[in-house]
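Here's the structure, in structure tokens; my notes come after.
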Amino acid sequence: MNYNNPTQLQAAILDWAGTVVDFGSFAPTQIFVEAFAEFDVQVSIEEARGPMGMGKWDHIRTLCDVPEIAERYRKVFGRTPTDDDVTAIYNRFMPLQIEKIAVHSALIPGALDTLTGLRQDGLKIGSCSGYPKVVMDKVVELAAQNGYVADHVVATDETPNGRPWPAQALANVIALGIDDVAACVKVDDTVPGILEGRRAGMWTVALVCSGNALGLTWEGFRALSAEKLESERQRIHALFAGSRPHYLIDTINDLPEVIADINRRLAKGEMPQAF
């Protein structure tokens, strides 16, 4: 029995917020701010966006390790945040997130048509998220009401390790019956999500304008001048540079051209691990 390189993609494994739903990834960001505020600790939207893509407990732990935020916490409680304190913030974050997730549940404009086209081309649609299952269940329900149903969903607490570890992406490979990780493309708007795909041995596509890095609504994105948009693209490309995505595109609507190019490269014998 011999190993043969895959010659075309079999699956796209997609993030959720900032990738398929919630243009600008506002749902988790705003709730982090509100959860910390309930402990009288101020966290800005920009600070809250920093670790986006990680599991939510890890996200809060990372925020609490930021020296400026740790100092604000110390001024209120007389100590820097422990893991128990992180859990307390997380336990407040969760019901707030579930309560308000519907506010930011709209599909990214054009995403449904794009994904329909990918399926017509034979791709399976896997998915994973930094949300835990209790939140993902609500996100999935709301997306279905808007016409989007992924073939598989993996929440951050359904594997031993969340992003940037590869476990969630690999769980999709197993569930979808994919025979080679190189026949998968991971699409995400965050650095941890791209690292997840890289570590899983997949092709990776970073979304520059629809997610956390740009942090604008669809209307705000559309209103950017050509000069400002190009400046923001350059800034965000630099943010992703260390995670080495194979492709960077504005939104998921640019994905079909990337899929075609990956299939061309696979047919030539190229593999994602080599680039």
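The backbone N, Cα and C atoms fix where each Cβ goes, glycine too.
Keep in mind that this is a model prediction, so the values were computed, not measured.
Long-range neighbours of Asp15 (active site, nucleophile) (same chain, six or more residues apart, CB within less than 8 Å of its CB): Gly53, Ser127, Cys128, Ser129, Val187, Asp188, Asp189, Thr190, Gly193, Gly211. Annotation source Swiss-Prot lists active site, nucleophile at Asp15, citing sequence analysis.
Here Swiss-Prot flags Lys56 as active site, schiff-base intermediate with substrate, drawing on sequence analysis. According to DSSP, Lys56 (active site, schiff-base intermediate with substrate) is assigned to a helical segment.
In the three-state DSSP scheme, Ala17 (Mg(2+) binding site) falls into the strand class. As annotated by Swiss-Prot, Mg(2+) binding site applies to Asp15, Ala17, Asp189.
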### Task
Would you kindly give the Cα-Cα distance separating Lys56 (active site, schiff-base intermediate with substrate) and Ala17 (Mg(2+) binding site), rounded to the nearest Å?
13
### Task
Could you list the residues of the same chain, at least six apart in sequence, whose Cβ is under 8 A from the Cβ of Lys56 (active site, schiff-base intermediate with substrate)?
Pro28, Tyr90, Phe93, Met94, Gln97, Gly130, Tyr131, Pro132, Val135, Thr156
### Task
Could you name the residues, excluding Asp15, Ala17, Asp189, of the same chain that surround the Mg(2+) site, i.e. Cβ within 8 Å of the Cβ centre of those residues, in sequence order?
Trp16, Gly18, Thr19, Val20, Asp22, Ser25, Gly53, Ser129, Asp188, Thr190, Gly193, Leu207, Ser210, Gly211, Asn212
